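Engineer: Summarising the annotation, TrEMBL assigns transmembrane segment to 12-31, 37-55, 67-99. Sequence annotations record features per position, and here TrEMBL assigns domain 'STAS' to 105-208.
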Amino acid sequence: NVKSGGRTRLSTFAAGAILLFMLLVLGDWVGLIPMPALVAIMIMVSIGTFNWSSLRDLVHHPRRSSIVMLATVLTVVSTHNLALGVGVGVLLSGIFFAWKVSQIFRVTSTLENDVRTYRVEGQLFFASAEDFLAAMNFEEQVPRVRLDLSIAHLWDLTGVNAIDMAVFKFRRAGVEVEVIGVNEASATIMDKLAVHDQPGAVERVLGH
């Protein structure tokens with residue numbers, strides 16, 4: 001329609017009306033058109049509407065975006081299931097996003113007046129929980145440890161479990177642990193899921 005010069009709403013209405021007329025009134029005659037002819041028309045329409053320059057631009061686009069697009073297209077073409085293709089694209093986008101966020105996660109530690117402070121920066125969730133625990137020195141002989149979450153945010157159960165595990169390991173070594181700086185949203189998650197302040201939680205989780 002656009003290639004034929006249609007630019008206004010009237011052209012869109014005319015195209016739809018003519019198509020409706022052909023289906024309702026001329027349907028029997030349209031059915032006589034050989035299928036190979038219709039296939040050829042659809043192929044030409046596909047060739048005309050495809051943005052071929054986008055293939056050249058793939059090398060300049062972010063690699064992860066290109067992977068998501070190609071995976072979505074290949075899934076739809078191979079399975080003929082649009083919903084499945086969209087699902088694959090959403091899943092890959094989520095995985096790439098989680099990986100990217102986990103790369104800007106950092107834990108720094110300082111020692112002052114025999115108090116070891118671990119300052120957590122970034123998003124604490126399933127992709128960064130292992131790095132969080134790896135940054136802790138559970139063998140250090142200090143009387144007190146602070147976990148400073150003032151510039152961190154908790155997202156899921158795995159992040160809460162990581163904090164629980166850190167607190168448990170420090171307390172089993174006889175270290176006093178304090179979790180500080182928790183924002184309101186993270187505190188809500190911890191109130192529901194965290195168990196490190198429950199009586200007997202250390203023995204129940206880590207054993208005697």
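Using the three backbone atoms N, Cα and C, a Cβ is placed for every residue, glycine included.
All TrEMBL annotations are machine predictions without curation.
Walk me through the surroundings of each of these features.
Structural biologist: Packing against the transmembrane segment (67-99) from elsewhere in the chain are residues 58, 125-127: each is 6 or more residues past its ends and has a CB under 8 Å from a CB in it.
Mean predicted confidence for the domain 'STAS' (105-208): the pLDDT average there is 86.
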